[in-house]
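A.B. asks: Handing you a structure now.
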Amino acid sequence: MATAPAIQAQDYVIRDISLADFGRKEIEIAETEMPGLMALREEFGAAKPLKGARITGSLHMTIQTAVLIETLAELGADIRWASCNIFSTQDHAAAAIAARGIPVFAVKGETLEEYWDYVIRIFDWGDTTCNMILDDGGDATMFALWGARVEAGEELFTPGNEEEEIFVATLKRFLAERPGYLTETVKAIKGVSEETTTGVHRLYELAKKGKLPFPAINVNDSVTKSKFDNLYGCKESLVDAIRRATDVMLAGKVAVVAGFGDVGKGSAASLRNGGARVLVTEVDPICALQAAMEGYEVVTMEEAATRADIFVTATGNADVITVDHMRAMKNMAIVCNIGHFDSEIQIAGLNNMKWTEIKPQVDEVEFADGKKIIVLAKGRLVNLGCATGHPSFVMSSSFTNQVLAQIELWTKSGEYKNEVYVLPKHLDEKVAALHLDKLGVKLSKLTEKQAAYIGVSAEGPFKPDHYRY
């Protein structure tokens, strides 16, 4: 259940509109730390390149996201917004957006039923439809696509868990109430920009099967997203969340990070910087070798389960920590996820255990033998459930990519096929350049001779598309 009744008035659902002034003050502070977004407002504000765009947005409703939303609005877009995670909303941020008159449907601590109801609300544009999607994790995109596919005669999948049951029931209800609406919505959509590894994977799977009916831009694999948000963002926000939630001393503890991709690399560094002794689990030999050469001990989860005090999943996969793993853990071990969905940890397998809420998003789970573990954010994103997510500066980099992707798809829709793209290298470099002054960075300049010697323009791009950074 949500922790308190939500307020519903006009065209929004939020916790408390009286939080708007608090939210506005924090938004103004965040703007000073988000130079990329503010530069785009200055560059494109007069031209309004997103005029006519009706964006359905599904992304964590935080203070930083509020700056993104208002940037899209400044560039001419109409917007309806919900959070992509039941615990990630900052209620004062949602209130500030609602007070501005932008429809927003987001409450920290939503039920799953409320979550999917809010997805309906962001797709309900009355007599018209959305024509763009900005997504994080792919839930909004999947809702629209499944609706259109069912209306075209495709059989809906059989639910495999509670959330899928609620998704199916919500979709069926909406299709009965608004027959044909999601079909028209999908036809109208000019493109989707996707924020995360998980959502991007879904898009590539659709494209491979020929089931992607509009172009998509993979924002996640922009260098200025994955190598900054995923890496440096997690490096700061993971330990912040664990400390806020538990007040545990990290120094000397044994922590295990499952997965050593960009998120795992940042998470392992976060824990190491806090003084923890860090283990890593991996299935990919390249990532495992990277972890070993960074000085981490690479083990299996079966071995780590009995050794570690703190467990963090960062894989984007399912069943990474099983109930059997949790049974083997030390008493009062801390278990959390910074990947994406709650399926990384077998939370559903703990439903019959004794749960005691210590405080919001911090639960003590007791096994039949009396042993207990601490589960953070019920297995959902710990940095957003137990803290406030990544710092504004690194989110400016990610969200500048999102705005540029929306402009690309909206203004050049005829140039893109129904495939998944990444932003061109010159825009990736532009995003980075917009953030240098804030840090006092001064770039060196290639001479024409030097540029010719390495075969690039003196103005960039400086690296080929295959360069890994």
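Backbone N, Cα and C atoms are what each Cβ position is placed from, and that goes for glycine too.
The structure displayed is predicted, hence computed values, not measured ones.
Got these off TrEMBL a minute ago, pasting:
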- T62, D136, E195, K225, D229: substrate binding site (BINDING)
- 196-198, N230, 259-266, E282, N317, 338-340, N383, H390: NAD(+) binding site (BINDING)
- 230-389: domain 'S-adenosyl-L-homocysteine hydrolase NAD binding' (DOMAIN)
A.B. asks: Using DSSP with the three-state reduction, classify D229 (substrate binding site) as helix, strand or coil.
C.D. replies: helix
A.B. asks: To the nearest Å, how far is the Cα of E282 (NAD(+) binding site) from the Cα of D229 (substrate binding site)?
C.D. replies: 21
A.B. asks: Would you count the other CB atoms within 10 A of the CB of D136 (substrate binding site), including those on all shown protein chains?
C.D. replies: 26
A.B. asks: Of all the binding-site residues given, E195, D229, E282, which has the fewest Cβ neighbours within 10 Å once its own Cβ is left out?
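C.D. replies: With the binding-site residues E195, D229, E282, fewest surrounding Cβ atoms within 10 Å: E282.
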A.B. asks: T62 (substrate binding site) has how many other Cβ neighbours within 10 Å of its own Cβ?
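C.D. replies: So the number of other Cβ atoms within 10 Å of T62 (substrate binding site) is 25.
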A.B. asks: I need the nearest neighbour of K225 (substrate binding site) among the binding-site residues T196, G261, G339, using C-alpha distances.
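C.D. replies: Minimum Cα distance from K225 (substrate binding site) across T196, G261, G339 lands on T196.
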A.B. asks: What is the total of other Cβ atoms whose distance to the Cβ of T196 (NAD(+) binding site) is within 10 Å?
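C.D. replies: For T196 (NAD(+) binding site), the count of other Cβ atoms within 10 Å is 26.
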A.B. asks: Let me know the most crowded of the binding-site residues, choosing from G261, G264 and counting other Cβ atoms within 10 Å.
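C.D. replies: When each Cβ's neighbours within 10 Å are tallied, G264 tops the list.
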A.B. asks: For H390 (NAD(+) binding site), which of the listed binding-site residues (D136, E195, D229) have their CA atom within 10 A of its CA?
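C.D. replies: Checking each Cα against H390 (NAD(+) binding site), the hits are D229.
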A.B. asks: Nearest by CA distance to G264 (NAD(+) binding site): which of the binding-site residues is it, out of T62, D136, E195, D229?
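C.D. replies: Sorting the binding-site residues by distance from G264 (NAD(+) binding site), the top entry is D229.
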A.B. asks: Round to a whole number and give the Cα-to-Cα distance in Å for the pair D136 (substrate binding site) and T196 (NAD(+) binding site).
C.D. replies: 6
A.B. asks: Say you check the Cα of D229 (substrate binding site) against those of the binding-site residues T196, G261, G339; which is nearest?
C.D. replies: T196
